[in-house]
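This report concerns only the one structure given below.
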Amino acid sequence: MEGAYDEIISDNPFFRDLKNEYTNLFQHCITQSWIICVPRVGILNTRVFTVEDFCAHILVPSDELPETHYSTLTEKQVTVTNKVITLEVTKGLPLQSHILFEETFYTEDFIKYKVWCIESALEPSTTTSDNVVTKDCLLSINDCIDLLWTQAAGRHVLDQIEQNVQIFLKKHSCLPIAISTLREAISELYTLCLQTTLQNRRLREKSKASKHILDNIKLAVESYMQHLLFESLFKTICTSCAYEDSHLNKKIRNMSDIQLRDLDIKKELYHAVPKAKQILSKIDTYSSVLEKILCLKQALNAINKNDNSYNVVLLTADDLLPVFVFLLIKSGLPNWYSQLTYMKEFRFSCVGKGDSDESAFLITTLEAVIEHIQSGALAGPPDPESHYYYDSNLTEENLQSNTQRRSSLTESISTSETNSREETLEYVFELIKANHTEQVQAILEKNQKHLKSIQQNEKSILKFALEESLNNNNDDDDDDDDDSTESEIYQKLCHPLCNCKKCWCKISKNLLKTSPTVTSRDSHGLTPLHVACIHGKAAIVEILLDMGADVNATDLNESIPLHYAASRGHQNALLLLLHSGADINKPNIDKNTPLHLAVNNGHMNCVKALIYFAEHSRKRIIVNCTNESGNTPLHLAAKWGYEGIARLLIENGAEPSRLNKHNKTAFDCAHNLKILQVLKSCTPNLYEYIHITSSDIKTLSCKSDNLEYLKLEKLSVKNSDYVNNPTKTIENLKRIERILQAISYGDVKLACFYLNINYDTFNENTNTVKESLCHPLCECQYCKRKSQSHVSDFDINFSDTNGFTALHYAARFGLEELCKILIHNKADVNCTNRKGQTPLHLAAIYNKTKVISLLLDNGANINAIDVAGNTPLHNASDMGNIGATKELIKYNPDISLLNASERSALDVAKKKVHLTIIDLIEKYSSKL
Amino acid sequence: MMTSAPSGTHNFKVVLLGEGCVGKTSLLLRYIEDKFNDKHLTTLQATFLNKKLNINGKRINLSIWDTAGQEKFHALGPIYYRNSNGAILVYDITDEDSFVKVKNWVKELKKMLGSDIVLIIAGNKIDLEHERTVPLEEAESYSTMVGAKHYYTSAKLNQGVEELFLDLTREMVDRFEQNSQADVSRTSRVLVVDDETPVQTSCCSGNRST
Ligand SMILES: Nc1nc2c(ncn2[C@@H]2O[C@H](COP(=O)(O)OP(=O)(O)OP(=O)(O)O)[C@@H](O)[C@H]2O)c(=O)[nH]1
Ligand SMILES: [Mg+2]
Ligand SMILES: [Zn+2]
Ligand SMILES: [Zn+2]
């Protein structure tokens, strides 16, 4: 790993003295293949070493157990396990020392001997010098900051790096998009940062004394720089990798049903997959390359954790790749290619080492995995039923039961193949998959006829029987006849020709199993039409539809065949279904419509087909419908970076400003500037469509700038009018949606228009209070009418279904002017949304400093807590918003408040390593 | 005093290539595990291993990359072997197909990396000499023809493994020193794969190839 300990042994004074001053002893060691232990440089006080010192560090392998047991030349017993040397001492605890590395030496005449560089001396008496670096290995951004802070005895080095970065960002307000140019620019910055760092006297001297320290300092500088730059740097990388990412996403989305067994992954590794997946999907939370690489390493190490029975499963390259492929597919990250590019191109501290370290190996592995997915060498899940087996909370039991189910299925298929007499439903599914159109048709038609004839005799009973057999589970008969053969079934009947309900039930159940028709379903509720759509066999889809297949049959996921055709990108099948009356807006169990699925998997052809079909057949397709997580199709297109699809959706009425359940708009989901531009450029400027005529606008009701008065009035509004506010009609919901949308576009005028606030009057009157009410407390008709006009019409505090008011949005998007207008129109500054957030919370999250002070000046509660117990200061600390934190601190927040995770705002800042914020809060608290 | 000359250590990357089941992983484990009693192999230790050598005063940090032999991963080869200083092409002396595969690897590597890479061909599983199907003479003459050293190894009996890696390392050191003499301006090995690397004028790099 980077930062793993290394030193040049031949420069180590201990080794040098042994070699030069005690030549005989040294030569003897070599000829006897004894192991020489060398305490790492700097650990021993520089003094003259005695022969005893050397003898205590020479290990002679024992005869019986030469791998693990040794004795020193001073006759002490030594054991070695897991790279730790344990030395028995006469008194007290045994002495332990880590083996830092092994170096194999060859002499001129190729005699081999080994040297172990060890962490501490193998003598209890030796005193260690104080010039020791405590951290050997940098494992996080915290370690890096620690190193630079403690080694330089202060913050100044960190500050200087920060300053360099600030200047850099100011100079390059727009970073170059081409990776090579970008890399060059950042590399220059890194060199600069390193130079300024090494101007520090302490650091310079320490790094001169040890190459290891120098390497660590380089790495720390690089990581801290990356940490500071991350936001703008990574966005830029994402933009330049937008094309590759969206293509990769399409590939990954279409394989998202893939199963461990589809990838030939060793069974022994199954148990570790959920843990590894959890670790790996956090990779996007790390800002430095160092941490991202460590994340990869941890994920892979998790795979190899001992299984419960003490056996270490050795992971070879052949095992590693498929597991990693699986993890990548399931991780749900939209920008793997960008992640790779960042790791590959922006490591500067290790130049010259080439590809020779473990980090390079990890990055290359990631690259190989991406290449493997990209190349299309992987087919999607081979079996339709795969869809049902994957559970995002993979557990061992899950996996086991899956494999069991799988094997029983293959058995049934194989038996049906060998035994041609049995044309089971599974067999028909196999035929569909293999595109044997005629055979499918023949079997289904034959059975249908057969069934019809029986049906004519006993219609009602059969119907009952069919129903019974569909709900297998409420079959409380003592006989478990699922697997019984035909002859056995007849033996179980009251009489071979009996017609009673119970017997019918048994016969028809067997009949269904052996004689599938076009309406038959398997245990997942799949009909032949579903299966034909999964595999995109348009010819078979056509036949099945002709035979009367139910085009809107739902399986256990409440998915209709149209869902599958859309999600797998089978345009022909999809069009056939649509023309046969498939429900274009049908939500499945996750509330995904076919449009969601086509978009999610990047199937432009199907998205087009859905939209154009709807247009021509005058069916309405709901472009802005939301799924279980509140995502519209446009959210998905934005997230995965499908530019063409996003454009198409917007042209057909998709609204990028809709919020999903995480309060994210499609803009927020866009992870690169390219897709963001698509979203923005395609969004029509709503303002243009609406011609505001002065007659439509009611005059502004209140023009007072007197804040005290406003506060007073707000209280009274709360107590009286607020209670009888207009009922939440659909009309109002629609209206608030339009208002919020206008706000999200930053269109203050339009928002005012919808709110019935005269924007121009407001503007004129903020300066001149002339035209205001006769007197703040006046009750004359004119004033009364004026002050009530807006309340009666539309409540300014009305919220959408997620509890967002206009003021929330104005605060979130930083529209200071609109905030003023709203507050002047009696908007409640402390209203909360469903998550308990006030407008101040949102302003803190999105770092809208002016809005923050405006809200606080107008009575916003500085210590308001949301449902997670966070105050605005928590939010600002969490996001690293320096401006917001500064602003909030001016208003004396209570910093002792803990959120639901028992963290104060300071804790939050520390966790995210926002140094300036930590500083600000600490300074503030010391003043208290 | 202690001068930590940055160029004091050579960092070399070595890839193991060959068909599935010829014994790549076994060779690697045999070479590394040798003395260290470390039952606690972590994940990557089977796919990526480091070994520090000091040959006659020269420090070498070997990083050895195992690759997947399965055919479906063949296309990933270039990602793994780029920037390699050495490649060990392993075949199984009892399996003719695996030797054909080695020939293909040689062709591919020559095409992609030119003569920058040190090639070693290893006939593994010589403990199964009686089942040999790859003729001895053919293997050796082929190796000479393509300029690769040929070794016989048995991962099982630990024969020829250390010699193979040691000779490879020495060869890489020699090659490296030759190259840095031949072309002083080439500080690190630059693979001419992408067009962004500065184009070298023909007058200085013309007679660099050996
Ligand atoms: N008899 C004998 N068997 C060997 C030798 N080396 C490896 N094997 C066996 O050959 C089989 C394959 O060895 P691996 O090391 O996994 O081969 P590999 O080249 O890594 O294979 P892939 O990882 O699939 O590419 C194992 O069963 C080993 O025990 C050897 O020198 N002699
Ligand atoms: Mg292997
Ligand atoms: Zn009966
Ligand atoms: Zn009045």
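Glycine too: its Cβ is placed from the backbone N, Cα and C atoms.
All annotation found in TrEMBL is predicted automatically rather than curated by experts.
Annotated features in TrEMBL:
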- A:242-382: domain 'VPS9' (DOMAIN)
- A:399-418: region 'Disordered' (REGION)
- A:405-418: compositional bias 'Low complexity' (COMPBIAS)
- A:524-556: repeat 'ANK' (REPEAT)
- A:557-589: repeat 'ANK' (REPEAT)
- A:590-611: repeat 'ANK' (REPEAT)
- A:629-661: repeat 'ANK' (REPEAT)
- A:802-834: repeat 'ANK' (REPEAT)
- A:835-867: repeat 'ANK' (REPEAT)
- A:868-900: repeat 'ANK' (REPEAT)
Outside the repeat 'ANK' (A:835-867), six or more residues from its ends: residues with CB under 8 Å to it
663, 707, 710-711, 714, 803, 805, 807-808, 810-816, 819-820, 823, 829, 873, 875-876, 879, 881, 883-884, 886-888, 890-894, 897, 899
Beyond the flanks of the repeat 'ANK' (A:868-900) by at least 6 residues, Cβ under 8 Å
835-836, 838, 840-841, 843-849, 852-853, 856, 862, 906, 908-909, 912, 914, 916-917, 920-921, 924-925, 928
Helix, strand, coil: count each for the residues of the repeat 'ANK' (A:835-867), based on DSSP.
16 helix, 0 strand, 17 coil
For the repeat 'ANK' (A:590-611), find every same-chain residue at least 6 residues outside the stretch whose CB is under 8 Å from a CB in it, and list them.
246, 249-250, 253-254, 256, 557, 562-563, 565-571, 574-575, 578, 584, 621-623, 625-628, 631, 633-634, 636-637, 640, 642, 644-645, 648-649, 652
Determine which residues of the chain contact the repeat 'ANK' (A:524-556) at the Cβ level, with the cut-off under 8 Å and only residues 6 or more beyond its ends counted.
384-385, 387-388, 425, 428-429, 432-433, 435, 437, 440-441, 444-445, 448, 516, 518, 562, 564-565, 568-570, 572-574, 576-577, 580-583, 586, 588-589
Could you break down the residues of the domain 'VPS9' (A:242-382) into DSSP helix, strand and coil, giving a count for each?
90 helix, 0 strand, 51 coil
DSSP says what for the repeat 'ANK' (A:524-556): how many helix, strand, coil residues?
16 helix, 0 strand, 17 coil
Number of helical, extended and coil residues in the repeat 'ANK' (A:802-834), per DSSP
16 helix, 0 strand, 17 coil
Note the mean pLDDT of the repeat 'ANK' (A:868-900), expressed as a whole number.
92
